[in-house]
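S.K.: Per TrEMBL, the features are:
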- Glu172: active site, proton donor (ACT_SITE)
- Glu252: active site, nucleophile (ACT_SITE)
- 25-342: domain 'Glycoside hydrolase 35 catalytic' (DOMAIN)
- 389-501: domain 'Beta-galactosidase 1-like first all-beta' (DOMAIN)
- 530-587: domain 'Beta-galactosidase galactose-binding' (DOMAIN)
Amino acid sequence: TVLPVLTYIETSALSFSIDYKHNCFLKDGKPFQYISGSIHYSRIPRYYWRDRLVKMYMTGLNAIQVYVPWNFHEAVQGVHNFTGDRDLEHFLDLANQTGLLVILRPGPYICAEWEMGGLPAWLLQKPNIILRSADTDYAQAVSNWLAVLLPKMKPWLYINGGNIISVQVENEYGSYYACDYNYMRHLRTLFRFFLGEDTVLFTTDGNTDKEMTCGTLEGLYATVDFGTDTNVTEAFSRQRRFEPRGPLVNSEFYTGWLDHWGDQHAVVDAQKVSRVLGEMLTMGANVNMYMFEGGTNFGYWNGADHDTRFRSVVTSYDYDAPLSEAGDPTEKLLAIRDVIKQFRDIPSGPMPPATPKFAYGFVTLRKVGNVSSLLNTLSPLGPVKSQHPLTFEEMKQYYGYMLYRTTLPRDLSEPTPLISPLNGVHDRAYVSVNGVFRGLLERDTALVMNITGQQGDTVDILVENMGRVNFGSKINDYKGLLSNLILGKDVLTDWKIYPLDIDGAIAARWPHSDSRKYFPTPQKEPLPGPAIYMGTLQPNGLAWDTFLKLYEWTKGQVWINGVNLGRYWPARGPQQTLYIPGPLLSTSLPNNITVLELEGAPAHLRVLFMDRPQLSVPVQ
């Protein structure tokens, strides 16, 4: 009978709270200042989680900040996945073993340059849903999700013997047009119900009055976020206007920034980062560095912005962070560690080294076939027939690619404009007539192209979802052909719409498993248009990290051993190489490479495995 009493005394001593009198956090009754870094388990292979967490601990951090992407765990409505790379509790456990506290950010919306800001695309099946509001359909879906997630998190709260010290409600809600206090109240009720009355709940908003006004709510501690170009005193005095007492908190101190396709690669000076960090810590502020390691937007998980036009985020989320995309310590990390040393004792011992990299060299690929000739494999269920085009959401295929097929309604001897009058191509359409590539339409930038042909010719339009908008008012981002296409004076109708499960086919080892069938006669120059290529990287006994460069390839998607590495687009840049985590490679069996090239492959058909990344366009 003695034991239960002892455990009771132990846990009752655990507390984490806000001291409004002395303007600080209290951990077990003592003043506490956190120095934290953001790390996203969804962007780093599980195999490397511990390595990255140890490096963060050895830098002197005492906490990490973690987003939970709803769509990563509930891609299909009602089906939840917390296994493998999605094993959030294993990640929390590793952080706990490492000695790191956790600031949890469960959304439900997270922004994060992540597909739709973490919201599942199946929400868009309700055509008029108002996301991030008290809209009944949205609020119900959120309640259902949080009723699954938050009870899993409750045992991990610090006050319950775990390592989660605080939990963020929503994310920069003040930057969203809806400004719906009923929605924030609904969330506050849910979080309190599932996590209890004693958990520190907080909000984070941009450093403006409007954002702080719409994003904050009584009972949720208001914090700000800002980067190196901000006047620190001014930003914290704005937090003070909304929270007159309590700790100063910068929930997202930007160590770098994101890249869109077509941008210059973003860099933020290490000296600036360390100087401003020192300034905030001197004031006694609590700081989370966003990002500490960015990682990678594998597969289709990248987000996009839409200010004046649609701009998709690149595959690398390196972010110019203190730990590189591949988890390597940088000069910035060392500069940050030197600052932290002045404020707390940091663990003695060496920083774990960079993971080894290997340049496996060139591999020559061969063409499997054009996408339109492989539909039996890529669309096993066959097409859906429809008078007018259907969206990805209506077809219940939320990510990747779909093929829309129809026929020319009349002879077109003269070049005739194919137009998307309502800017309805979301996001890029690759157009072929009778198997010959004719060009492309692109959202916001290319709404018209010319085609010729005979009545009855097959028109194939492969449409790419380039990632849903993750920030701002346009997050209800439907994909596919959203409205009719017009050819000359005809509206194109009578569509066959093929959902493409390219990932499913490749995960089942296609095309390598039956590669005997694929030896099309090599052309001098590969014909342009969407096509699949394959090759193998022979094993050499090493499974080290490497970087894939698709020199002179145009745009597409790459898989290694069935795993979707993400998009490449060296023609647009800035990113030139894709990160391949070593654990994906086999030391003893041939490594299967599959490439979907959407526009045009180079005549040499070579790809190159390098031992270093190239995230910016080389200066010619």
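Cβ from N, Cα, C; glycine included.
Walk me through the surroundings of each of these features.
M.R.: In the structure as shown, the Cβ atom of Glu252 (active site, nucleophile) sits within 10 Å of 24 other Cβ atoms.
Averaged over the domain 'Glycoside hydrolase 35 catalytic' (25-342), the predicted model has a pLDDT of 98.
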S.K.: So if I draw a 10 Å sphere around the Cβ of Glu172 (active site, proton donor), how many other Cβ atoms end up inside it?
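M.R.: Result for Glu172 (active site, proton donor): 22 neighbouring Cβ atoms inside 10 Å.
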S.K.: Measuring Cα to Cα, how many angstrom lie between Glu252 (active site, nucleophile) and Glu172 (active site, proton donor)?
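M.R.: The Cα atom of Glu252 (active site, nucleophile) is 10 Å away from the Cα atom of Glu172 (active site, proton donor).
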S.K.: What are the DSSP helix/strand/coil residue counts across the domain 'Beta-galactosidase 1-like first all-beta' (389-501)?
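M.R.: Across the domain 'Beta-galactosidase 1-like first all-beta' (389-501), the residues distribute as 0 helix, 57 strand, 56 coil.
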